[in-house]
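Student: Can you read through this structure? Questions will come right after.
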Amino acid sequence: MVKEEQETANRPDNTAFTQQRLPAWQPMLSAGIVIPGFVLIGLAFIGIGVALFVTTRSIQVLELDYSGVEQSSPCFKCSDTSTKNCVCNMNFNLDKLFEGPVFFYYGLSNYFQNFRRYGVSKDLDQLSGNLDNFENPTDDCVPFQYDANKKPIVPCGAVANSIFNDTFKLYQIIGGTKKPVPLDGKGIAWWTDYNIKNRNPSVTPLKNAFNGTVQPSNWPKPAYELDPTDPANNGFINQDFLVWMRRAALPNFRKLYRRIAEEDYAQGLPAGNYSLEIAYNYPVLSFDGRKKVVLSNVSWMGGKNEFLGIAYLVIGSLCVVMSVVMLIVYAKFKFPDEE
Amino acid sequence: MLRRRLNRLLNNDERRVDSRTIFVGHRSGSPNDAIIPAKFCDNRIVSSKYTVWNFLPKNLFEQFRRIANFYFLIIFLVQVIVDTPTSPVTSGLPLFFVITVTAIKQGYEDWLRHKADKEVNTYPVTVLEDGRRIRKESEKIKVGDVVEVEEDETFPCDLILLQSSREDATCFVTTASLDGESNHKSHYTVSDIERDLESLNATIECEQPQPDLYKFVGRMHIYKNDQEPVVRSLGPENLLLKGATLKNTQKIYGVAVYTGMETKMALNYQGKSQKRSAVEKSINAFLIVYLCILVSKALVCTTLKYVWQSKPGQDEPWYNQKTQREKDTNIYLKMFTDFLSFMVLFNFIIPVSMYVTVEMQKFLGSFFIAWDKDFYDPEIKEGALVNTSDLNEELGQVEYVFTDKTGTLTQNNMEFIECCIDGFQYKHRDGSAEMDGFCVPDGPVSKPQQKAGREKEELFLRALCLCHTVQVKESTDQNDDQIDGLVADGEVSLQDQRGFIASSPDEVALVKGAMRYGFTFLGLESKNMKIRNSNNDIEMYELLHVLNFDPVRRRMSVIVRAKSGETLLFCKGADSSIFPRVRQEEVERTRTHVERNATEGYRTLCVAFKYLSAEEYRQADEGLREARLALQEREEKLMAVYNQLETGMSLIGATAVEDRLQEEAAETMEALQGAGMKIWVLTGDKMETAKSTCYACRLFQRNTELLELTVRTLEDGGKRREERLHDLLNEYHKKTVQDAPPFKGGVTRSWSCASQDYGFIIDGATLSMVLNSSSESSSHCYKNLFLQICQNCTAVLCCRMAPLQKAQIVKMVKNSKGSPITLSIGDGANDVSMILEAHVGIGIKGKEGRQAVRNSDYAIPKLKHLKKLLLAHGHLYYVRIAHLVQYFFYKNLCFILPQFLYQFFCGYSQQPLYDAAYLTMYNICFTSMPILAYSLFEQHVPMEVLLDNATLYREIAKNAMLRWGPFLYWTVLGVFHGLVFFFGVRYLFTNPALQDNGQVFGNWSYGTIVFTILVFTVTLTLALDTRHWTWINHFVIWGSLAFYVFFSFFWGGIIWPFLSQQRLYFVFANMLSSVSAWLVIILLILVSLLPEILLMLFRKRRGPNARQPSECDLLQTSRLQL
């Protein structure tokens, strides 16, 4: 092939491309560039690191493990799976203002939401409101596809079935009386999940769409009655449902439950005594899991995370130290190849 | 070669008959014989591999025979059959892409072949049938048909020339399309055939088809009315080959002897054996390592999975119950499918795209050689030619260069310098040529102003004029376009301009030399040679026989009959072949001249003659005719007659022809030696001539101590040859190997900081003694000694070599310890064997035809181009491909390592870390272009610098960049990067609330962050290694990153209807809205790049200013590793 081209074209083209003479930038990393570069990067990193560190230090976090493993725990009585509708109270004390907005998370440990089979066990068409898939859920949902009576489960699959169903109420104890702290459940899921990705079937009332289907076995109530207070928070666009359906990356995770940013608590939780009333439904001890509640406020960088700040500080200092070492080496020996 | 031999074997097996009989015009030979219709194949040429029907299965079968493709097919099938983490699309799509592209390419090539076949097969030809001229399609020609071919047409099949429109019963053809030789060759009709082909009644008996273009034996029986049949011998000069073109002849008639796939052209249409480069071997070794990594990863994960599951509650938590089928499955089967699933999950570590990229790099990269204008030679109007692109990088690894002398080191552009007649020297001086016989006689110093007798002078000149096979170019049809490289015009000072055509430039030089002295060869007219002597008289000699030149005899002769009726035999040839055949008392006088000329680097030929008495001639004539008619062992029989004839001659004189060195031959050789290559000159020439060429090329310096191992030195001692050989070998070995100063650098030092250079000279006869020594054990020992001596010499000269011996030497070095990379360069047919044998074969587009070029891997117009080809192109290609390979393994290691680590955090459930789109696109789109651009355009050191500092070549010697050291470095780098990516993000995700609105990120966000860091780091690592940023590099590097970002937005921005899971929906955009994600991406990229930046600073800089100080250390270490 090449031969024929050669013979017809005869003389090779004398272009920069064919002669491999394209103008080129030939960077050389020399000490003159690297040392100042390292200093600059190091300083910038230290700056960012300090900012991160200070910020993350200012974030307040309160964690309450309520799995009820220890006998001393108020929830110990509920840890026995045989007790139904068990409610336990955990009291805690804030000695200074917990700055708002406060975010209310629940956390699970040793819980593998990232199991592969678990992860695919859902029917996206169903969740986007396709009525065909109400009758015939995808095979991925097995064994949560049909119930014992061959009725389709909606929403089907392991993920939906295992939705976190503990509920919480928070009270501030003022002079012995319990003042409920309003918990805001709006906007805890991704905007796109709520508005675009998941859709309820366009049937009114929503209940009718679910005719001939059954709710997942673990659910106390069907999907269309998840939130009796807000009709726009039912079915597949229920915020708690959406939060649960977005699978966690690691076996120890937390998920957003509510926000506290209303009424008297817009500035945060004032110092004082609080009581957390927990409807304990979700079994975790069978697989040695733990449950906890996390109250936290967030900054521009998200929740409390010391890793990032420390990493920046370490790397930044490392850069500076290395540039100093290089400078010494450079001054003493002169790099052999340096002009 | 093997295939060809095999074919021949099979052919022989099939038909036991060694010859075929052809009835010319399908008329039975003798009237009483009936035609036995022999079955021959038709004249259809099929060069295509596929038909429409078998294309798909056959092509797929051939593609999946490649190990890599087969492996990916298996992975794909596993994905289809077993419940695996990734969909079959992820590996099916790339595989489908690769297979389709290859199939389309091969299909297109085959379509072209089909088209060409059809064109050839339906080409209209004229066939004589029952006296009528019938137009037919070429494919319908049958063996025995009489075919008419007109000027400038190509022959449709192999024909025996029956009749030509030229009066002298010859025709001219060019075989440019067969062997590339563009000169006109004359072919002869069978004698004694009547003009009327209609009445011709003849049969041809000839050998079965065989691929050698230059061999043919056959016999023609002509039946004339009731007479005894006349028998004529047929040789290659009667055979017109399919594919050759008729020239200078209006039309010819010929009878088809071989048709279709049995023509010599079709038999030669066979691919050469594949040469594999050392890089490919390295790739395969690395692949095995990675395969081991892959399998062990899968094994570790499978084992840990079952260990982990054995803990209560872990195997089947209530939220993730198993299906009934899973529960029923046998545990061992489950383990096995788990293992397969892990294999599938990690299989991306061996990327399908690497093969594609390597192939593309080689294919596209080879264009730069063909495009290089420095390789363009204005004389032949051609540049370099790349016959295979598989060996580009091998050009950067050459350790031994085997070069031919004539035409390679020298120009093969002969010029007559002087001659010696009867021991008197005649030197030609321009302008002093006089009509009065000879010019100024410049006799030997001892006898000034003397010259040989006029009679001897004239005899000598007549011999020069007669003893050759030169043709005079026809002045009637002297069109410019027919002038090719072989035509050299005569001197203007002479009466008319004259062009000569000859197969060897020596002959032209000699004829022109004679012309200067007044004897002009005018041409051959119907077997009469016409010469004009110095008195301007025309002399006619009847040409009776030509005893052709062959490399074994190393001489040629003609038998002519002068007007006076005397029969003379003129012979010319190498001194060694002439001296034993002439009267000894004549030899001494000439020998001094010959030897002096040889040491000056001239090619010498001796001329001898003898008178043949009528009786002698009759015998000779008979013997020759008989031998020529022989069907079997014709060569041997002819040789015997030749040898018998060429004895007892008397020496007339000798000629000296200068073969000038190629341009920049010495500089090139010096550069190659500086680059650490050992240069061996393998030549068929005399030792003295070759030696002087070596001196001229500076292969031998003045202070080089020459170790000779030739027939002469062997005979010196007076002992038996064998013993002497033994002694000499031991002595030289002691000198070069044992007594070599024990510096650490070993021989490598001797190139630059030389202590004592050795040059080694051996000749063919001695070599065969070394190689084929009588006793087995000593042969092995000799061979070892010989190799060791040669390895310690700066240059080796092997003279008096037969073509096969050249290949033998190459093979010996190739298979010696450390299996060094060898390169052969040559220009002639005698170099083909060594070109095919060496790792890299280079052909020079010289004057000895195109055979070397056809069989070479690369062809260049001149020797001087070798320097750039190796030092610049070879070096760059090697660096490029080595980096490409290492980088590919690296980038896939750090791609798949986080996925492996993720298994420890997801209960060994084979959960992929990255989305399927990312898994698929990573190697196809996101990271493939920058490395391809790098591997095409990188010049880590500018070309000029590479050319100026040959020593830089040594830095990459011995596959330096693809050894285990660099491989380990890249692997460690990949592991480090993988760990940084995974654990960096892992610690970030201790708190997955990464947004300022308190929302949390899930597993796909995790994977996307890791993947983003991965793509950027991997691309920037390459950017750091790029030393030569053309706009293309900028474009693809920044373009790839931009494309990744764009694609991620796009992929996550739409609900894709064909996906069952919208895993990445808005994941990327959400990630970018998190400051923490940004910060961690920047941090981890920088952490990953830091070590590389630091290393780069401290690593030895390659470049113009950085070679002297550390070089010797480097060499020493590399030597120690040997």
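Even glycines carry a Cβ here, placed using N, Cα and C.
Source: prediction; values computed, not measured.
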Student: Suppose you had to name the range TrEMBL annotates as transmembrane segment; which of B:875-897, B:967-989 would you pick?
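Tutor: It is B:967-989 that TrEMBL describes as transmembrane segment.
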Student: Count the Cβ pairs between the transmembrane segment (B:917-937) and the transmembrane segment (B:1035-1056) that lie under 8 angstroms and are 6 or more residues apart in sequence, then report whether there are at least 3.
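Tutor: In contact, yes.
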Student: Give me the DSSP three-state residue breakdown of the domain 'P-type ATPase N-terminal' (B:38-91), ordered helix, strand, coil.
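Tutor: Within the domain 'P-type ATPase N-terminal' (B:38-91) the tally stands at 29 helix, 0 strand, 25 coil.
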Student: Please list the DSSP helix, strand and coil residue counts for the domain 'P-type ATPase A' (B:124-264).
Tutor: 17 helix, 68 strand, 56 coil
Student: Quick check for the class: what is the C-alpha distance, in angstrom and rounded, between B:Asp831 (Mg(2+) binding site) and B:Arg603 (ATP binding site)?
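Tutor: Distance between the two Cα atoms comes out at 19 Å.
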Student: Pop the Cα-Cα gap between B:Arg800 (ATP binding site) and B:Asp827 (Mg(2+) binding site) into the table, whole Å please.
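Tutor: Their Cα atoms are separated by 17 Å.
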Student: Among B:Asp404, B:Lys405, B:Thr406, B:Glu507, B:Phe549, B:Lys572, B:Arg603, B:Thr683, B:Gly684, B:Asp685, B:Arg800, B:Lys806, B:Asn830, B:Asp831, listed as contacts of ATP, what is the widest Cα spread in Å, to the nearest whole number?
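Tutor: Taking every pair of listed residues, the largest Cα separation comes to 25 Å.
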Student: If you count Cβ atoms within 10 Å of each one, which of the recorded positions B:Asp404, B:Asp827, B:Asp831 comes out on top?
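Tutor: Of B:Asp404, B:Asp827, B:Asp831, the one with the most crowded Cβ is B:Asp831.
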Student: Using all protein chains shown, find which of the binding-site residues B:Thr406, B:Asn830 scores highest when you count other CB atoms within 10 A of its CB.
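Tutor: Most Cβ neighbours within 10 Å: B:Thr406.
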Student: Any same-chain residues 6+ apart from B:Arg800 (ATP binding site) with CB under 8 Å of its CB? Would you list them in sequence order, or say none?
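Tutor: B:Arg800 (ATP binding site) has long-range Cβ partners B:Thr683, B:Gly684, B:Asp685, B:Lys686, B:Met687, B:Asp763, B:Gly764, B:Ala765.
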Student: Just to verify a number: CA distance, B:Asn830 (ATP binding site) to B:Thr406 (Mg(2+) binding site), in angstrom, no decimals.
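Tutor: Their Cα atoms are separated by 11 Å.
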Student: Can you see whether DSSP assigns B:Asp827 (Mg(2+) binding site) to helix, strand or coil?
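Tutor: Reduced to three states, the DSSP call for B:Asp827 (Mg(2+) binding site) is coil.
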Student: Enumerate same-chain residues with a sequence separation of six or more from B:Arg603 (ATP binding site) and a Cβ-Cβ distance below 8 A; give 'none' if the list is empty.
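Tutor: Looking at Cβ-Cβ distances below 8 Å from B:Arg603 (ATP binding site), excluding near sequence neighbours, one finds B:Thr406, B:Met414, B:Asp506, B:Ala656, B:Val657, B:Glu658, B:Asp659, B:Asp685, B:Thr689.
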Student: Just to verify a number: CA distance, B:Asp404 (active site, 4-aspartylphosphate intermediate) to B:Phe549 (ATP binding site), in angstrom, no decimals.
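Tutor: With distance taken Cα to Cα, B:Phe549 (ATP binding site) is 20 Å from B:Asp404 (active site, 4-aspartylphosphate intermediate).
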